[in-house]
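Undergrad: TrEMBL lists these features:
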- 1-20: signal peptide (SIGNAL)
- 33-313: domain 'CN hydrolase' (DOMAIN)
- 82: active site, proton acceptor (ACT_SITE)
- 185: active site, proton donor (ACT_SITE)
- 218: active site, nucleophile (ACT_SITE)
């Protein structure tokens, strides 16, 4: 039996991922803004509160313009990026002028726009609240938060020595300006100015137009808590302010954010910064059915971009309550009949299986700091496989070179801890190499000419596998077919590409092996 014929053996209704969004009565209008941040040129120099405010007001002026434009286009919820008001690269002390104490909306009700006198030093909160109220939309922003904590003599106390926590904080305002949610980022990424919260928070809020949304921030997306923990609690609509630095060939912004949306079967509202020096670009509104995104090309003007899209409601409780005919709702549910044998191990982790014999054609090369095992994909068509220990990836492909260009492709496999020692993953990746020598396989590439029809398959030790197909010039391809089997077998199939193939990837996260 060929790999292509094996598709009839089991079904994943989400895999009928098509470009056309389903016709649904239940939808809302979402907006995300990719912000060209006005930076503090000397973030390590401590500013007075008035000077810090003067800086932040410049970014908030841009937010005001975008909120008005989003409202004009019918947006009901608007998401701004991480660090978009204050910036980054501060020290713990130099950020002090930017901090505001943010009350917990789970403990008290406060509308900063209509009750500005209730708390001092809350000018940013007040302006965001009035922005939401003026434009009659839900507004999500990221800011620098302050929370006093009791100093204790107990050496196990998590309270910093200066008696306060400084948190990277998402805030959410209702369309009348009421503060309805506050989330402290848990998985920090080299953020000296902020503290890790004592415990991870699972924060969600309700809306009248789409039900429940969960909050995560940037690096959080790679971890079980809070991201997958929210999904496991039934939250299928996530809001994602980020300051994402792109890392090809596996973790470009639009590539991975779209992959998570497909693999976790969720909606992700992703707002990124635009900073070419740090390679920050790429925002989008991703659902299991569609992707509205923007990814600037190198050399494009460095400017902001507002994205607005109609989005299907995925909150099942909201649908049950508000949709009278359930048949109107397109469900994306996993159906897992028994998969046919493909020659891979049947154990969940494959740890008991014997590794495939090493091929003399295999070679190793670094990809995103991990040592992948590769095999060249250099025929017009064929079937090949490669293994990293007992974890194996299988590819059937047909290649369509364009013009006279000579391009090298390779299939790579990796299973284990990422170099940072924090998280574990299993990856099957078909990549265009940066050059014609083997050591270039795994390096960053943004353009390609060769198109491919392919089926990529692996048997994973996790259900959390995220598929992506990235074409030349950072164009997302909607996978033609994506399947997950009950035994860990995962298949990604695609054909009729619109551009040359940069990367096709099955990215599996082994959350249970993480060192958190």
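Cβ atoms here come from the backbone N, Cα and C positions, even for glycine.
Since we're looking at a predicted model, the values are computed, not measured.
Distances, neighbours, how buried they are, the whole picture for these features please.
TA: Cβ-based neighbour count (10 Å, all protein chains) for residue 82 (active site, proton acceptor) stands at 26.
Long-range C-beta contacts of residue 185 (active site, proton donor), restricted to its own chain and to partners at least six residues apart, with a cutoff below 8 Å, comprise 82, 167, 168, 169, 170, 194, 197, 217, 218, 219, 220.
Of all Cβ atoms in the protein chains displayed, 25 besides its own lie within 10 Å of the Cβ of residue 218 (active site, nucleophile).
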Undergrad: Determine the mean pLDDT over the domain 'CN hydrolase' (33-313), rounding to the nearest whole number.
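TA: For the domain 'CN hydrolase' (33-313), the model's average pLDDT rounds to 97.
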